[in-house]
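Copied from TrEMBL, the annotated features are:
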type	residues	note
DOMAIN	252-344	domain 'Transglutaminase-like'
ACT_SITE	Cys260	active site
ACT_SITE	His318	active site
ACT_SITE	Asp341	active site
BINDING	Asn381, Asp383, Glu429, Glu434	Ca(2+) binding site
TRANSMEM	547-568	transmembrane segment
Amino acid sequence: VLNYCEFNNTDHRTELNGVERLIVRRGQPFTINLHLRSGVYQPGGSALNLTVETGPQPSDQYGTQASFGLTDQIDTSRWSAAVTSPPGNMVSLSICSPPDAPIGRWRLTLGQVGRVDFVLLYNPWCTGDVVYMDSEDKLREYILAQDGIIYRGGWKYPIPTPWNYGQFEDGILNVCLRILDMNPKCLRNPGKDASGRRNPIYVSRVLSAMVNCNDDKGLLLGRWTDDYDGGVSPLSWKGSVEILRNWDTNACQPVRFGQCWVFAAVACSVSRALGIPCRLVTNYNSAHDTNSNLVIERYVDENGQLVQKSRDMIWNYHCWVENWMTRPDLKPGFDGWQVMDPTPQEKSEGVYCCGPIPLKAIKEGELTYKYDAPFVFAEVNADVHTFMKRKDGSTKNIISSVNVGLKISTKSVGSDRREDITHLYKYPEGSDEEREAFTKANHQNKLLQQQDNAGLLIVIKVSAEMRKGCDFDVFAVITNNTPNEKKCRLVFGSRAVSYNGILGENCGFKDLLNVQLAPGEGQLALYNGKFCVYMQCLRKVFRPLDFFHMLLVYSFILKLIALFFPLINLHAIPHNDKAKTCF
């Protein structure tokens, strides 16, 4: 049997994996040659039965085994074979798999003639495959490109970080297939799992769980402190190849350590290797809602100090991936990009995984669609409420909301420019479409806040010339929108915080006790952030290697305490200019 690996692999766009073995894509014919040691093949007079099998328990029932004979022409909708050469002792066969065949390692047996082993991948160039993408430029980016850019830093100053996905490096495809083999679903029922690999929805969900090691033999162990003893700082990784190889050569022991962009980058490498178009996405001001109420809640005292710990938090940025596929399990209109998040945050169906969920479901507020729509919706849309616990024991909402889901970013197709895809996740703030989406999501609290414009308005701005590692000014513009005079207290507070929302030490404090505002009047208050102060704060909290990774958040937990009137709700807009990355 001659299988012409170089010709077939090139034809199937898998030659970057090497040409030493046969690697083909489903729904597309490949060619093998048979050398008949005795006799000559004659059409209609020679019989040849072929059998294909995958997985440890192949069966017709699961679609992991098929037997078929020769036909006059290839049928691309099912396993089929046809002779493409004239009669003789050398026979060329064209063999085709259906576009929904399970991916993985296959064995082809040709009667008594011989056996061919090959790897079958998803085929985004095949119109019948559910991962089909109709743009060559996009396929070059989302399947074939081995280098990319991950956006980190803060929404005001995104930091592009190069990353080597390396999905075609030597041995990486084998590692990706081993990841599928080691997933708990395969270990429990290998026959059913092998059949499930026909479905990129299933495979994406498996990868979401297997890239982290929280409840399986996954690839990466997360670490969100500054202690990386016994492993590698997430900041030190430059690509996926070393991580994948380390996991494979160390008996599937988790590689130490990862954070969100590392988890996402490895998931992107594996998805592309298997043939699923994939891109890495960064969401700035990303909410982590742990109780599924679509609200991030914080509790502070009258000086802005946290008085109650909460697992809810706002990450400076959070990375996940999008995989491209149709969703026949949902109603029409939800095909295309699907969010898949391998960072272990919350459990889904008892496992640390997230997605896939269509971007359109997030944008339209369709939270009943699979999988994990409420969690992803909250990441880009949650309200942020800060409650002040007063000395008399009462609690008051002092800041109505802080916008999340800003400047959602990915690398542009064919260039190193940043592409803003926020519009794919959410409608413009305040639009009718946004209101409708929130209504669908039963997220009425934000709409009610938008309808209530009475009270005091605070807008936070920084000086336009603000630079990293320098002093800078912060301005609070306070406007009294009530018919009454207000005498208020304004408190500025700043703290260091890691990119995933863990607060550090105080970096500055300013208390203005008597701010008087006539009806309709506005005033400007100034706070100066000193580099010598906040750098010392960062040095105490974070290791030098991590400085560029940390965000100095001047959260300015602004509290207006009406000294002669009951405390009123504030409609602050502090998110636009409060967060800066400092070295």
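Here the Cβ of each residue, glycine as well, is placed from N, Cα and C on the backbone.
Structure coloured by features recorded in TrEMBL.
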residue : record              : contacts (Cβ under 8 Å, 6+ apart)
Cys260  : active site         : Trp315, Tyr317, His318, Cys319, Trp320, Thr343, Asn500
Asp341  : active site         : Ser208, Ala264, Trp320, Val321, Cys353, Cys354, Gly355, Val376
Glu429  : Ca(2+) binding site : Asn403
Glu434  : Ca(2+) binding site : Lys426, Tyr427, Pro428
Structural state of His318 (active site), classified by DSSP into three states:
strand
